[in-house]
Amino acid sequence: MAWTKYQLFLAGLMLTTGSINTLSAKWADMFNAKGCQEEPERPFSHPFLQAVGMFLGEFCCLAAFYILICHDKRRPEPRVNRGQSFNPFLFFPPAMCDMTATSIMYVALNMTSASSFQMLRGAVIIFTGLLSVAFLGRRLAPNQWIGIFITILGLVIVGLADFISGNKDSSHKLSDVITGDLLIIMAQIIVSVQMVLEEKFVYTHDVHPLRAVGTEGFFGFFVLSLLLIPMYFIPVGNFANNPRHVLEDALDAFCQIGHQPLILLALLGNTVSIAFFNFAGISVTKEISATTRMVLDSLRTLVIWVVSLALGWEHFHGLQVLGFLVLLVGTALYNGLHRPLLARIPCCARFANEDDDGSGERERLLNDGRVQTGDNS
């Protein structure tokens, strides 16, 4: 069935805003500006402040939810399912996981390329799959195990590409690239814990997706904003690229923004794009399918890589292309994207449903639009 203009718009919005989200964060990292003291220009390196902006974008989804409800009340027959009442603190544990993982990933983005950052995030399916077996009692289908092993192979190839390029690339030291890649993998472990917590305690409640994303954004924004105060006084040596060598110097960040206003544009791009990306992703799931959303998310990695090459932010590496393709195959197998292809082949049609064990329920929830699957960055 052909897509409507509205569906095309949603797909384009999701792909565009998802790409802008990572690219704008990387763009902010590439600026050089003076700080609060009389000193030479230096890179803008404030990952925790960037994470606060990202959560502000998610928090905006809560405002969008209430605007949607107010608009729906004016209709003769309300169409929006507001969901049941729930304890908002159910979202606090996953929000703290989200906050920790997002902060780590923004630290890592300072150390590695935007394309590697996006590709290595594919590791989340490995840890999510293993934790769902251990804590949710789920039995993974054969195609999911194969997808996990192929994803591991893809991660090794991408890591090897970064190792080789790190010796030639002057923008990032080899030690920084390796550290950044490892931090991204570490962050995916925390993201997988977040997903398991959400599935175990949150998905059993009928919560509107925008409200779910916004509630987690609320907790993440306010908790991390408060944490900026002690971070201003915690010394971390050369780990931090600010004059006082503290975990986060928010005042220095605002001084750099004052000297280079384009940094503010990049930060606003990150904040606004995450809000629209979550909205578009939820709408694509409801209006088209969860499978389409997965495909668009994979295409986002390709867009980020192509734009980074076009802007001269990184150099072309054939090994990275191979790694991306292998990761794409692993993700597709894990999420069951091979089933429509098998169903079209008469001799393989019976295999299309045999390996669907456990993931069908999640697919149903996604298509109902009740599962929060917002992005971390």
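Every residue gets a Cβ built from N, Cα and C, even glycine.
Keep in mind that this is a model prediction, so the values were computed, not measured.
What TrEMBL says about this one:
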SIGNAL    1-18  signal peptide
TRANSMEM  48-69  transmembrane segment
TRANSMEM  89-108  transmembrane segment
TRANSMEM  120-138  transmembrane segment
TRANSMEM  145-165  transmembrane segment
TRANSMEM  177-197  transmembrane segment
TRANSMEM  218-240  transmembrane segment
TRANSMEM  260-282  transmembrane segment
TRANSMEM  294-313  transmembrane segment
TRANSMEM  319-337  transmembrane segment
REGION    355-377  region 'Disordered'
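Below 8 angstroms of C-beta separation, residues 25, 28, 80, 82, 99, 102-103, 106, 208, 210-211, 213-218, 220-221, 224-225, 227-228, 231, 247-248, 250, 253, 267-268, 270-275, 278-279, 374, 376-377 of the same chain, each at least six residues beyond the ends of the transmembrane segment (48-69), sit close to that stretch. Between the transmembrane segment (145-165) and the transmembrane segment (260-282) there are fewer than 3 Cβ pairs closer than 8 Å, counting only pairs 6 or more residues apart in sequence, which means the two stretches are not in contact. Most Cβ pairs under 8 Å to the transmembrane segment (218-240), among the stretches 89-108, 120-138, 260-282, 319-337, belong to 89-108.
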